[in-house]
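Since the structure comes first, as structure tokens, the remarks are kept for the end.
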Amino acid sequence: MAESLTDDELVTIVDSYKRKKLNPTSSKTADDRDLRVYVNRSVSMERIKYIGFDMDYTLVEYKSPEYEMLCFDMVVKRLISIGYPPEIAGLKYDPTFPLRGLFFDKQYGNLLKADQFGNILSCFHGFKSLTSAEIRRQYPNKYVQPTDERRIHILYTLFQLPEIYLLAALVDFFENKNRGYTRIEQSPDTHGGVQCGDVLITYQMIWWDVRTSVDWLHVYGDVKEKTVKNLERYVVKDPRLPLCIHKLRSSGMKTFIATNSDYRYTQKIMTHLFDYPEGPDGGPHRRWREYFDHVIVDAKKPRFFEEGSMLREVDEDTASLKLGVFTGALKPGQVYSGGSSGAFCKYTGAKGKEILYVGDHIFGDVIKAKKEQAWRTFLVLPELKKEVKVWESTQSLFLRLQNLAYILAEVYGSGSGPTDGGVKLPDMNSLRRALKVTSQEMEDSYPSRLGSLLRCGSRLTHFAIMANRFADLYSSSCVNLMRYPSNYLFTAPHQLVCRASCLRVHIFSKCPI
């Protein structure tokens, strides 16, 4: 019995497990850290009865940068059609610039990388990186209020990468590449922008035009039509996906899809992803619908996790909605439109913590599912593959950051003179400069010009903190679940009051979870 084990016996057992995990031939889950599932809060898969999936950027991985380039070019055409200069047709998407999780300041036209409190970590105006002095001229406290929706718009999703680049490109275009426009001065109470004669274009107007054009593209444009006509070019077909869903269902879990996409698009994309000659168990070919107990399209997330919308049945032959509101128990194999998370729980009998929902949208999928319904959550972070690889190659820089920060704290707190034990201590100003230089070196190591999605030096970003707070699990892909037993207990590290560095520990721990 575990109760009778001594402390020494417990230590011996733990050391045995650690040695086994450190042996690369003994456990597949100890390899490929970018393919692991990481844990913020413990999740027992034995207690999960339903596992739900978003579709776009979760079950479906779009090829980058091909898909972003397609969306970018189509949004540019839309902007030209509503009056923007035809010259912007020459703008070309650069995948090395955008990074999700940024704030767009509608007042100053800046892209900001900030921490959880709104402290500014880095700032770009157009494609220009602002110095610390330039940032302080606009933000005296190097701070913005993240919840100020009138001024700050947070770009959370992978769908918004073209939008992020276009915002920077348009600011750069009007201020530096179009001689007819001049930049107007900003003040704390007025919105900045550009002016040509009597025509004023504020940064807020540019943001609004881009935002509504992106929405128009996905609702009324033909980006979906172009995607399904060239699936090989824009969609990654992962043979592990059917195996993953099959394994989950074989363990007794029920699976469902809740996507904002319409049925026609969902049908074509999912048919492509699950189109294999044989089933995952070696049997005959299976239709994609046979992998899921329930399918909900046009879910209208995040509204789905709040008051929701009318739940209606979908006619699969015509893709039209059937008459009336559906109020009975959800039928296996039936496709539904709309509804709400509350209705899903009511009609399936599942309780909040018996449902694990997997999605890529930190706000629309993860935060709302957690806050409104207490569902267990799994955040898909495709960027994690690159983040882990860069982190592993910059361990020496991070160690240097830690040492510099420690020495700085000691210099502040000690009452000793300029020397300690015969070693001359650097002054505080030089330590601060060294911290900034080392942090920038780490940022420059990442593929994006804006650095890491999760950190700036040793400080975690707003996106990283939101992921830590609301995502129980996270990984680079949902199919990584198949690497673990169906009854696996994902165990979070024990914490002592302070949680500030837990995401760093989870992602970059030397020992596999």
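Including glycine, each Cβ sits where the backbone N, Cα and C put it.
What TrEMBL says about this protein:
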type	residues	note
BINDING	Asp54, Asp360	Mg(2+) binding site
ACT_SITE	Asp54	active site, proton donor
BINDING	Asp56	GMP binding site
ACT_SITE	Asp56	active site, proton donor
Whole-number Å value for how far Asp360 (Mg(2+) binding site) lies from Asp56 (GMP binding site) (Cα to Cα): 8
Same-chain residues at least 6 apart in sequence whose Cβ lies under 8 Å from Asp54 (Mg(2+) binding site): Ile257, Ala258, Thr259, Lys301, Tyr357, Val358, Gly359, Asp360, His361, Asp365
Binding-site residues compared (Asp56, Asp360) - the one with the fewest other Cβ atoms within 10 Å: Asp56
